[in-house]
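Encoded as structure tokens, the structure appears first; notes follow it.
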Amino acid sequence: MDQLSMKKMAAQAALQYVKPDSIIGVGSGSTVNCFIEVLGTIKETIKGAVAASKASEELLLRQGIEVFSANDVSGLDIYVDGADEINPQKMMIKGGGAALTREKIVAALAKKFICIVDSSKQVDVLGSTFALPIEVIPMARSQVARKLVALGGSPEYRENVVTDNGNVILDVYNFKIMNPIEMEKELNNVAGVVTNGIFALRSADIVIVGTPEGTKIIE
């Protein structure tokens with residue numbers, strides 16, 4: 001079974017957690033695009049969605065789903081998003097699509113974070129296969145990069161990418177993240193960092209994995 005089929009399988013399985021008349025938090029990325037597509041099939045049963053990126057907002061509107069601002073809601077039942085890596089503790093690296101800050105904002109509004117992935121995203125240690133994205137205020141880029149080198153990382157500027165918030169991304173290689181919660185806190189305390197792509201303080205509650213054998217749900 002190919003990767004896209006596994007993503008679609010996980011996205012379809014996430015529909016069982018969508019409650020009637022609710023507003024859904026929606027992340028961004030290729031697996032979430034599959035979820036938005038299937039969410040369109042039940043759009044008459046929900047009030048709408050809060051999107052974590054402009055790209056997801058456009059896809060939701062194209063499906064005929066009303067999009068609300070995060071400022072319009074006091075909370076969400078669920079937030080559905082993918083991950084670039086996820087460990088057995090349901091902690092993640094996210095930000096391959098440069099939407100990490102808004103993803104953290106919308107995830108923080110939700111009672112339940114449902115992570116949908118294909119099996120290739122499962123790792124034992126975060127940072128094993130994917131660089132850690134960090135959103136940085138442009139004027140602090142070099143300063144933050146030096147700090148990341150001092151912490152043992154190898155940062156690379158993601159060229160020609162500007163986030164929805166007008167900032168830049170540094171992708172940090174060679175970080176084996178043994179203590180994700182402490183690393184998330186430490187990196188967020190670096191002056192000039194908006195946020196980093198470790199989702200450990202707010203990890204997933206439910207993980208839906210598309211595998212060649214079928215859908216696996218980890219609660």
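The chain as shown is numbered from 1 upward.
Each Cβ is built from the backbone N, Cα and C atoms, and glycine gets one as well.
Feature annotation from Swiss-Prot assigns active site, proton acceptor to Glu103; the stated evidence is sequence analysis. Residues or ranges marked as substrate binding site by Swiss-Prot: Ser28, Gly29, Ser30, Thr31, Asp81, Gly82, Ala83, Asp84, Lys94, Gly95, Gly96, Gly97, Lys121.
Everything Swiss-Prot records as a feature, shown here on the structure.
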residue : record                       : Cβ within 10 Å
Ser28   : substrate binding site       : 29
Ser30   : substrate binding site       : 14
Asp81   : substrate binding site       : 29
Ala83   : substrate binding site       : 29
Lys94   : substrate binding site       : 28
Gly96   : substrate binding site       : 21
Glu103  : active site, proton acceptor : 31
Lys121  : substrate binding site       : 25
Candidate binding-site residues Ser30, Ala83, Lys94, Lys121, pick with smallest Cα gap to Glu103 (active site, proton acceptor): Lys94
Non-site residues, in chain order, whose CB comes within 8 A of the mean position of the CB atoms of Ser28, Gly29, Ser30, Thr31, Asp81, Gly82, Ala83, Asp84, Lys94, Gly95, Gly96, Gly97, Lys121 at substrate: Gly27, Val32
Three-state secondary structure, which DSSP defines for Ala83 (substrate binding site): coil
